[in-house]
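Now, the feature entries from Swiss-Prot:
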- SER109, LEU110, LEU111, PRO112: (6S)-5,6,7,8-tetrahydrofolate binding site (BINDING)
Amino acid sequence: MSKIIFMGTPDFSAPILKALHEAHGVSLVITQPDKPVGRKRVLTPPPVKVMAESLGIEVYQPESMKSDEAFERVHALSPDLIVTAAFGQILPERVLDIPRLGCINVHASLLPKYRGGAPIHKAIINGEKYSGVTIMYMVKRLDAGDMIDSVQVPIEINDTVGTLHDKLSVAGTDLLLEVMPSVLSGTNNRTPQNDSEATFASNVSREEEYVTFDRTALEVHNHIRGLSPWPVAFANFDGKAMKLWASEIAEGSGAPGEIIQADKAGLVIATNDGAVRITSLQPAGKKRMDAASFVAGAKSQLVGMKFNEA
């Protein structure tokens, strides 16, 4: 049996690890260190570590794959193949050169589009009709290696990062299992990427989380769902940041950012060509709530108030 190292960290990667281990056996899992989570800063293991331990696989959590210790750990195992999926660290060339069959990555986009760390977010924000998963060889440049295979996944109008993430994780799992026999036998396809068609999906910045309403309703809706359920979009309301968790396209007109309707269905906010309805939100210092609860508890008239008012 081939020796396989799996590298991954978040929820996206855990089912991929499980399926890979059950089909081919994984000798070692490498994942990010445990991190403090929440207000109480509780040290929490990444989902891939939890999955690996439930499967009885040895886990290694280096601070950096660039360290001599990490190199030696991988080198000592003499793996035939490294499989990565949303690992969160760039592998140095000397690690990429270790496995006899190379290193392959399960990437959540249709490469060469959306290379980088936030392909799911950026595909939704940009209003793409399709996303997908590509399995490719890893090279020194980020997400630029030869492609083995890909699968297309439709993006529905109300998909969020969360729902699309789950669809792509399933698609990535299925595609990996499909290509593994040919990868292990060295008979798989290798298609070079066209660098002239490459686009990049860098991690979402704080500035990109800020929603403006002087755009089309569809652009605003895409922005909100493209950041939900993490890191969550926000806009300024009554002098404070309000997180906007969920939205839908609505009818109506008014000045961009103006609340034109507030009832049990939510807050309807005007855009430059129509409106969006906010159905779930989080006022500053409070927990997430449905917009109907916010409307019911409002101490002042909401209709006519504006988001992002200077």
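Cβ coordinates are placed from backbone N, Cα and C, and glycine is handled just like the others.
Of the chain residues outside the (6S)-5,6,7,8-tetrahydrofolate site list SER109, LEU110, LEU111, PRO112, HIS107, LYS113, TYR114, ARG115, PRO119, GLY132, THR134, ASP143, SER150, GLN193 have their Cβ within 8 Å of the site's Cβ mean position. A C-beta separation below 8 Å, combined with a sequence spacing of at least six in one chain, links LEU110 ((6S)-5,6,7,8-tetrahydrofolate binding site) to TYR130, SER131, GLY132, THR134, SER150, GLN152. Packing around PRO112 ((6S)-5,6,7,8-tetrahydrofolate binding site) is summarised by its Cβ count: 20 other Cβ atoms lie within 10 angstroms of its Cβ, all protein chains included.
Sequence-distant contacts of SER109 ((6S)-5,6,7,8-tetrahydrofolate binding site), defined by Cβ-Cβ distance under 8 angstroms and a gap of at least six in the same chain, are ARG115, PRO119, ILE120, ALA123, SER131, GLY132, VAL133, THR134, ALA201. Around LEU111 ((6S)-5,6,7,8-tetrahydrofolate binding site), the same-chain residues six or more apart in sequence whose CB sits under 8 Å from its CB are THR134, MET136, ASP143, MET147, SER150, GLN193, ALA198, listed in sequence order.
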